[in-house]
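Asker: Next up is a structure, given as structure tokens.
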Amino acid sequence: MAERSPGTRRALWLVLSLVFAFLYIPIAVLVALSFNAGGLPTAWSGFSLKWYASLAGNAAILQAALNTLIVALVSTVIATLLGTLLAIGVEMRRQYGKGLEALIFAPMIIPDIVLAIALLSFFSMLNLTMGLHTIILAHVVFNLAFVCSVVRARLKSFDWSIVEASADLGASALTTFRRVTLPVILPAVIAGALLAFTLSVDEFIIAFFTAGAGRASTTLPMQIYAMIRFGITPEINALATIVMAVSITALTLSQRLNRGVIGQ
Amino acid sequence: MAPALAWLTALMVVPCALVLALAFFRRGIYGGIEYTFTLENFGLVFDPLYAGIFLNSARIAGTATLIAVIIGYAAAYAISAAPRRLQPVFLFFAVLPFWSNYLIRTYAWIVLLNREGLITQLLRWFGYTGEPPSMLYTEGAVIAGLVYNYLPFVILACYAPLSRLNPELAEASRDLGASALTTFRRVILPLTVPGIAAGAVFVFVLSIGNFVTPALLGGGRFQMIGNLVYDQFLTANDWPFGAALAMALIAIMLLVLMTQALLADRAAGRAAEAKGGANG
């Protein structure tokens, strides 16, 4: 758009700079402070990794990190399996019922707090002891919806006649899936799994409501929330930096794998 | 397909139906649930005290939406005007913060806004010696947090129609003698309204049901619906009333989404009509 006047162009660059400053300064300050020996925003007292070291010695945080990993891994595996099958089922039969669409779409838009209290009521009505397993049950709900939508996007352009051809040539349903369908959708499946993993690692409200009492099932976001409520400590800055690095890496990877899908 | 649908039914549909049912029961004397039918809980939602919180939430969410849309649209416009090869890069970095943990992004604002935070330090550095300004635990802090958290989505939603805009349209408008402002108001803006609407609905819906931001940046002083629901379930132990509040929240959300769908349909109809007229 070369026909814009220099003044307009300068104004547009100014807008961009301001918006990026707004988006990145809060995060940058947090990351910088996590390496500040003094730990306080008052003064820079030298580069140090001591807050990261103190994290490594904090048993509560390590336990929470382990819990988060368990919840995220198990719920991702289940959600990826169920979500992929759901996507194939819906796209292959091309049954786009309004009710079905709403059911698959709902977990992505329902407010967290509503799903959280719904599951809390449900589990306590069943007299289920809550813990990591109930968090996993809950996380699969939204994770499978996200995996399903990512895989479905990929399947939109899938030529189902090659599945028929494979069957005509004598391949079993399983062989067809393994040799024909899966190779096509695999990038989307992995992208969906990475997305699910990150969503689960970051999810706070639903985990908070379905974790039950006691420290045994505290996840990292619950731990972070509790720490924030107690006030600012340099450890949170270090922990926040690590968690951010993990989610941004996983999602960048997911995005790269999925580029083909988005491009279509 | 079946296992996934069974999972969603058992762990989303049934629990949500349960909450809906719960809203029609009475609270027991010891905080339990008494299974007698009542509409009291919904009546209580309209009690001035609670209706006030609803209105307050709507105002906070509305303000955050307005600010996020203005900043987001300006940013999306600037990105769409940047050189073509830079656009995906800008877009990527605009969305990147959105991928980090929500709690952490909110916490970053506590670090900035607290009495000994960065902003106070900056003021001191410029020679300010008075009392540190109280910025945290204000409505402004809650709004700033909401805008910050949801801005990337608005940028993404507004960028989509802006990048598809045919530059010849703006050129034609200017050739016909329209000023830059008129061209923007009469040509560019109407064509990009669907993106604005999608972004606005997203920010509003997520803000009005938000629980974390008011709790952390409002310091519990600014109750929003989400916090009210939380209290009923975890501190006040009035589950039926909490359930009624949650249903009211869902109702507001559905209303907003339906309005948007209706307007989008109408806009699409108008666009089709305009196209038909131009071709005919």
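The backbone N, Cα and C atoms fix where each Cβ goes, and this holds for glycine too.
Pulled from TrEMBL, these are the listed features:
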- B:54-262: domain 'ABC transmembrane type-1' (DOMAIN)
- B:6-25: transmembrane segment (TRANSMEM)
- B:37-55: transmembrane segment (TRANSMEM)
- B:61-82: transmembrane segment (TRANSMEM)
- B:89-110: transmembrane segment (TRANSMEM)
- B:141-162: transmembrane segment (TRANSMEM)
- B:183-208: transmembrane segment (TRANSMEM)
- B:239-263: transmembrane segment (TRANSMEM)
Asker: Considering only the recorded stretches B:6-25, B:37-55, B:61-82, B:183-208, B:239-263, state which has the highest number of Cβ pairs under 8 Å to the transmembrane segment (B:141-162).
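Answerer: So the stretch in question is B:61-82.
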Asker: Under a criterion of three or more Cβ pairs within a distance under 8 Å and sequence separation of at least 6, are the transmembrane segment (B:61-82) and the transmembrane segment (B:183-208) in contact?
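Answerer: Judged by the Cβ rule, the two regions touch, with the required three close pairs present.
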Asker: Between B:37-55, B:89-110, B:183-208, B:239-263, who has the most Cβ pairs under 8 Å to the transmembrane segment (B:6-25)?
Answerer: B:239-263
Asker: Near the transmembrane segment (B:183-208), which same-chain residues lie under 8 Å Cβ to Cβ, leaving out any that are not at least 6 residues past its ends?
Answerer: 57-58, 60-62, 64-65, 68-69, 72-73, 76, 146, 150, 153-162, 165, 169-170, 173-174, 224-225, 249, 252-253, 256-257, 260, 263-264, 267
Asker: Same chain, outside the transmembrane segment (B:37-55) by at least 6, Cβ under 8 Å from its Cβ: which residues?
Answerer: 23-26, 223-225, 228, 240-241, 243-245, 247-248, 252
